[in-house]
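According to TrEMBL:
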- Lys469: ubiquitin cross-link (CROSSLNK)
- Cys243-Cys311: disulfide bond (DISULFID)
- Cys272-Cys333: disulfide bond (DISULFID)
- Cys313-Cys322: disulfide bond (DISULFID)
- Tyr463: site 'Critical for TLR4-TLR6 dimerization and signaling' (SITE)
- 7-29: transmembrane segment (TRANSMEM)
- 440-466: transmembrane segment (TRANSMEM)
Amino acid sequence: MGCNRNCGLITGAVIGAVLAVLGGILMPVGDMLIQKTIKKEAVLEEGTIAFKNWVKTGTEVYRQFWIFDVQNPEEVAVNSSRIKVKQKGPYTYRVRYLAKANITQDPETHTVSFLQPNGAIFEPSLSVGTENDTFTVLNLAVAAAPHLYPNSFIQGVLNSLIKKSKSSMFQRRTLKELLWGYQDPFLNLVPYPISTTVGVFYPYNNTLDGVYKVYNGKDDISKVAIIDTYKGKKNLSYWLSYCDLINGTDAASFPPFIEKTQVLRFFSSDICRSIYAVFGAEINLKGIPVYRFILPSNAFASPLQNPDNHCFCTEKVISKNCTLYGVLDIGKCKEGKPVYISLPHFLHASPEIAEPIEGLSPNEEEHSTYLDVEPITGFTLRFAKRLQVNLLVKPARKIEALKHLKQHYIVPILWLNETATIGDEKAKMFRHQVTGKINLLGLVEIILLSVGVGMFIVFMISYCACRSKRVN
């Protein structure tokens, strides 16, 4: 009887030990299976999950605009007063709905090249008004004239054309005109061939961005989707390469197995550079654990604080010897136009920059940029990329529309939020195909290990107790 009981206890302990060992073995084996599957499906080639979503995003992407409507144009033009602005929006467009074009795989370099078609569809139901809503904004052509043509004689000639066209420092424009382009009356009078269409994002619709060449991850999954080369507009590619501004992916996805300590870099041709995000928090997005990466204030710091921004300080007067922070001069890739980018409402910018502007209310929640990335696959499941477009205007003695100005202004034109969130159906599919299987495997590992260790301990205690009683 005692022998049978001891044998039973020993058998139970052995079974427990076996289960514990199985659980311990299953952990690395399970991790290997997960990694193998992810590495296979993350490659950018025909037939993978990553490729299907990369060619054409399955999530609707929106670009929301808020326009800064100037309330006191005459006061500013005549007395160089503070510019009073009132933001109006959002005006929403659907973007990035077109599939990538001219996709070409290069098996020797393990890269894939493509063009990204551009298009924008207005969404009335997600907007506060129509594309015909009008605003008082800075006259883009007049403000840029003294930067593009610093010669006094030429400015005198341009002044006569500005007066003849009845143009001034500010103008009234519809949303559609301001964003996508309009025929400028002043430029129409210039007697030599130049582009007479002006718009913050002109040209955009029916254009192609690229050629991009990115790594497909076939030979090294840690490089998947990272941009190798970019050939964009004339002279832009050289400047980007010279300043080392092409780094990372396009932010739609990153190489898998993301760590919290990583710095995620992503490139945007809209702002003519790569930028980066750092880990901020763990978030639960529709039942999917994600890492939130945020754009730090240092991304828009002065070159003295962040050497990566050395190419965005092109003059010493307005920038106070490159000590001002919060705005970046991207004129080099905007054909010399005095375009500056910043975070909305000059968030994290030097106080001197926002001081001449009245009506701004910067705050982190509404105006910061973030990416919610699923760490195992590297897929971005939600993002909000926020940016403000500004134009520098300065006094010009030879141009009457600007001669009364007593200071430089970095004038906010608009700010935008490009955003997308994984849909409910896709989130359900993602949970089922990815996180569900990983969680189930993890649960099985834990149960086997826990039950095995528990059984081993219980049966060994019982066995020892039984042996102790027999000795006594």
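Cβ atoms here come from the backbone N, Cα and C positions, even for glycine.
Overlay of TrEMBL annotations on the structure.
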| residue | record | Cβ within 10 Å |
| --- | --- | --- |
| Cys243 | disulfide bond | 17 |
| Cys272 | disulfide bond | 24 |
| Cys311 | disulfide bond | 20 |
| Cys313 | disulfide bond | 20 |
| Cys322 | disulfide bond | 17 |
| Cys333 | disulfide bond | 24 |
Nearest-integer angstrom distance between the alpha carbons (Cα) of Cys243 (disulfide bond) and Cys313 (disulfide bond): 12
Between Cys322 (disulfide bond) and Cys311 (disulfide bond): CA-CA distance (Å): 11
Rounded to the nearest Å - Cα separation of Cys333 (disulfide bond) and Cys322 (disulfide bond): 19
Euclidean distance between Cα atoms of Cys313 (disulfide bond) and Cys272 (disulfide bond), Å: 14
